[in-house]
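Asks: Starting off with a structure, shown below.
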Amino acid sequence: MLFAWHLPVPPYVRYHAEHLEIRLLVQGDDELPQQVMLRCEPDNEEWLLTMQPEKQGSFTCYQADLTLLAGEAVRRYCFKFLWNDRQQWFGPLGFSVVPPAQVEQFAIEIPTHSPEWVADQVFYQIFPDRFSASGQDHTIKNDSYYHYAVQRKVIRKEWDEPLTEENASSTFYGGDLDGIVERLPYLQGIGVTALYLNPIFTAPSNHKYDTEDYYQVDPYLGGNDALVRLREETQKLGMRLILDGVFNHTGDTHPWFDRYQQRTEGAFYDPASPHRLRFTFTADGRVLDWKGNSTLPKLDFSSQAVVDSVYQADDSVLRHWLREPYQIDGWRLDVVHMLGEGGTARGNLHHLAGMYRAVKNENPQAYVFGEHFGDARRWLQAGVEDGAMNYMGFALPVRSFLAGVDVAYQPIHLDAQQCAEWMNGYRAGLSHTQQLDMFNQLDSHDTARFLTLLADKPQRMRMALVWLFTWIGVPCLYYGDEIGLDGGNDPFCRKPFPWDESRWDGDLLALTQRMTTLRHQSSALRRGGCMVVHARADTLVFVRQYEDEILLIALQREGEGLCVLPHSPIIPAGSWEKANGEGKLVREADYIELALPPESATVWRWAAA
């Protein structure tokens with residue numbers, strides 16, 4: 001059998017001013033190929049470069065140079081093996097008898113538009129009304145205003161009052177931005193380095209995806225001044241800050257629309273309104289909205305006014321908040337794949353490209369990532385996002401493997417091989433930089449809590465957390481995951497954070513702190529390549545490597561697991577130090593053997609002999 005190893009990181013790739021030095025390691029009992037060629041497309045036309053072999057112990061190293069003087073920024077390549085009577089190809093998904101598709105080859109971005117800092121972060125998502133309340137005078141109260149969408153005044157509950165489904169969007173707990181400021185020491189203590197906030201702009205609901213004013217932080221969250229205070233305090237701690245941009249639709253109380261005639265010139269009642277073309281109305285006067293939600297009319301990006309307001313004009317929303325005194329570090333773009341012209345997604349990529357350019361013109365190091373429950377690779381390959389919420393490439397396969405439910409919470413059973421094929425197949429369509437910048441979460445404000453999905457298997461939450469911090473991509477905790485906060489679908493996934501420490505899962509919090517520390521200390525976890533080395537039944541094992549730093553991560557879902565891993569360039573001889581978990585590793589002359597207890601996640605770090 002023939003084996004080959006390559007990752008798009010050092011030591012397999014070396015960067016030089018005018019070329020990349022590409023190395024492939026090969027070993028096998030079968031006859032080695034007469035020739036190995038590096039296939040690339042520097043100017044959208046196939047080049048085949050003969051690779052030079054060099055014996056290195058029991059392996060043969062093949063090397064060739066890939067030019068940087070031609071071609072697009074995303075450099076895609078794979079390997080062609082030639083014998084006298086046959087050929088094989090090798091790419092991210094392994095060997096095949098036919099060439100891998102262009103978008104399923106190894107890919108390196110040079111130069112990259114992606115911000116350099118993202119891969120080094122541990123993110124924390126906060127639903128502002130439910131994280132922490134400062135109790136300042138601006139806090140919302142019972143009957144503070146009338147919530148037209150649900151035809152009642154808003155409700156203010158005490159922090160420890162139970163959450164109910166009734167009046168879900170109009171029930172508030174008083175969390176605010178100053179409350180977040182007060183809890184920054186806690187966040188720093190658990191290893192968080194970046195915050196992603198759900199929408200904070202003025203809106204009548206507690207979730208604030210029904211924007212009423214894009215230029216004002218909601219007064220009940222503390223207003224614009226509170227955002228300045230939060231920004232100043234996060235900067236002092238070296239923390240990044242990302243805001244949620246909702247540009248597919250507004251709320252129906254936005255002055256442009258004004259369903260309830262609170263102002264003048266709203267489009268809903270006035271066909272002659274100067275804002276009428278910002279929305280799409282049918283012949284019978286019905287407005288096109290987001291997925292049948294009449295309170296969320298879709299913006300029509302065929303309107304130049306919308307284009308200017310959102311991204312093109314100098315004072316556009318996207319640009320405004322990137323500037324002083326706010327200086328946010330980027331945008332998460334809500335339902336970004338649905339944005340477009342005429343109440344549809346027509347022209348979507350064109351407008352996202354404009355939004356991306358606008359952000360990068362203000363701050364080339366800003367992070368732009370979109371919400372995609374489905375396949376985001378079309379948008380990523382088009383270069384209109386740095387990354388995406390990685391539901392399809394991380395959250396859903398992990399949920400399916402550990403909790404046994406799919407995106408619709410319907411039963412599914414995956415073995416480790418199927419799970420690995422899903423995750424590997426998805427990321428094969430992304431450059432290495434994009435893989436590092438994918439926004440990995442176990443759950444969010446739009447899903448049931450992962451702990452709740454696990455039902456009678458809560459121990460698997462520990463497996464999931466280890467997986468989150470060791471798989472390729474940037475990890476994000478949804479507030480409360482680290483202390484065992486549970487909850488079903490919206491609104492129950494949005495419970496107030498319980499600040500009474502007696503209600504915390506202390507072991508889970510300690511594990512979170514160990515894993516954030518490990519990630520911050522490890523270049524392999526932050527920047528390295530990723531390769532699955534064993535996937536069978538309930539056992540999944542993968543490696544993260546950067547230069548000579550190698551971490552081995554073993555996940556065991558059910559039963560006792562035993563696997564043998566022969567020595568290779570990514571499982572070298574030497575000592576393996578356990579960094580986390582209860583698994584056991586035995587070193588033999590030609591292999592290592594792993595013994596894994598049920599529902600476990602173990603991490604080892606390699607050290608040369």
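Every residue number used here counts from 1 along the chain in the order it is shown.
Cβ coordinates are placed from backbone N, Cα and C, and glycine is handled just like the others.
Okay, so TrEMBL annotates it like this:
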type     : residues : note
DOMAIN   : 125-519  : domain 'Glycosyl hydrolase family 13 catalytic'
ACT_SITE : Asp334   : active site, nucleophile
ACT_SITE : Glu371   : active site, proton donor
SITE     : Asp446   : site 'Transition state stabilizer'
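Can you tell me where each of these features sits in this structure?
Replies: Here the domain 'Glycosyl hydrolase family 13 catalytic' (125-519) has a mean pLDDT of 98 out of 100.
Take the CB of Asp334 (active site, nucleophile) and look out to 10 A: across all protein chains shown you find 21 other CB atoms.
Following the DSSP three-state reduction, the secondary structure of Glu371 (active site, proton donor) is coil. Cβ neighbour count for Glu371 (active site, proton donor): 21 (other Cβ atoms within 10 Å of its Cβ, all protein chains included).
A sphere of 10 angstroms centred on the C-beta of Asp446 (site 'Transition state stabilizer') encloses 16 other C-beta atoms.
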Asks: Measuring Cα to Cα, how many angstrom lie between Glu371 (active site, proton donor) and Asp334 (active site, nucleophile)?
Replies: 5
Asks: Just the number: how many Å between the Cα atoms of Asp446 (site 'Transition state stabilizer') and Asp334 (active site, nucleophile)?
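Replies: About 11 Å separate the Cα atoms of these two residues.
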